[in-house]
Each structure stands twice: as structure tokens, then as C-alpha cells.
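Working notes for the structure below.
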Amino acid sequence: MAGIKALISLSFGGAIGLMFLMLGCALPVYDKYWPLFLLFFYILSPIPYCISRRVVDDTDSASNACKELAIFLTTGIVISAFGLPIVFARAAVIAWGACALVLTGNVVIFSTILGFFIVFGSNDDFSWQQW
């Protein structure tokens, strides 16, 4: 039952994060939809870590190059997702208020993705790898 509560709270967090992203785009004051390119970063961010978990054997306690590369790529994707709205705002493509809403959505979405891997990352009965 704890897994169901975690899944519901994670879906709620994802919905709140997407709401902030959409508010940064669709409010009549801002009315620019360029920040929706961040959806690509939301989709791409967990992929390197998921691939490395499938490839790497976790029995070795030492760090390995595949897992380190996956963490490096994921970090680059996350930093790019935070940098893109700031570059848009500096170039006057979007307003600074929209940038603040999009950055708030980024924090919530990436916290939700991190929470997903923390909750479902262990290899127990309720694991995301079974899906």
C-alpha cells in the first residue's frame, strides 16, 4: 500500500510541475510557448540512468565508468533544462515572470523524477523495472 501512496504523490508532483510550466507559457501576460521545449529535457533526463542500470551489474561496490557517465549526462541535461529559460529571458524571448514560473516547474518536475528513482529504485517487489 505504501507503493500506491508514493505513486499517487509522485503523479501529483508531476501535475503540479507541469501546471507551473503551462502557466509560464499560457498566461495572457506572457503568451509565449517557447518554454515547452523543456518537455524534451523532462523526457531525456532519466534515460541515461535507466540504460546504465540495465547494463551495469550492481554487485560491484566500486563505482564504474558506465554509471558515472550516465550521471554526468543526466546532470548535463538537468542543468540545460534550468539554463534554457534563463537564456530565453535574457534574450527577451520570454518575460522574467514566465522564467520564474518555468524554473519553479523545473524544480518540482526534477524533484518528482528524483523521488521516482528513490522510491522505485530498489530491487524489491514493487520496482519500476517490472513495468
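We number each residue from 1, going along the chain as drawn.
Glycine is treated like the rest: Cβ placed from N, Cα and C.
Note on the transmembrane segment (7-30): residues 36, 38-39, 85, 94-95, 97-102, 104-109, 111-112, 115-116, 119 of its chain, located 6 or more positions outside it, place their CB under 8 angstroms from a CB of the stretch. The transmembrane segment annotation in TrEMBL covers 7-30 (among others).
Residues or ranges marked as transmembrane segment in TrEMBL: 36-56 (among others).
Beyond the ends of the transmembrane segment (68-88), by six or more residues, the same chain brings 24, 34-35, 37-38, 41-42, 44-46, 48-49, 51-52, 94, 98-99, 102-103, 106, 110 to within a C-beta distance below 8 angstroms of the stretch. According to TrEMBL, the transmembrane segment annotation covers 68-88 (among others).
Among residues of the same chain six or more beyond the transmembrane segment (94-120), those with a C-beta under 8 A of the stretch's C-beta atoms are 3, 6, 9-10, 13-14, 16-21, 23-25, 27, 29-30, 32, 34-35, 38, 42, 45-46, 49, 78, 81-82, 85-86, 88, 126-128. Taken from TrEMBL, the feature transmembrane segment applies to 94-120 (among others).
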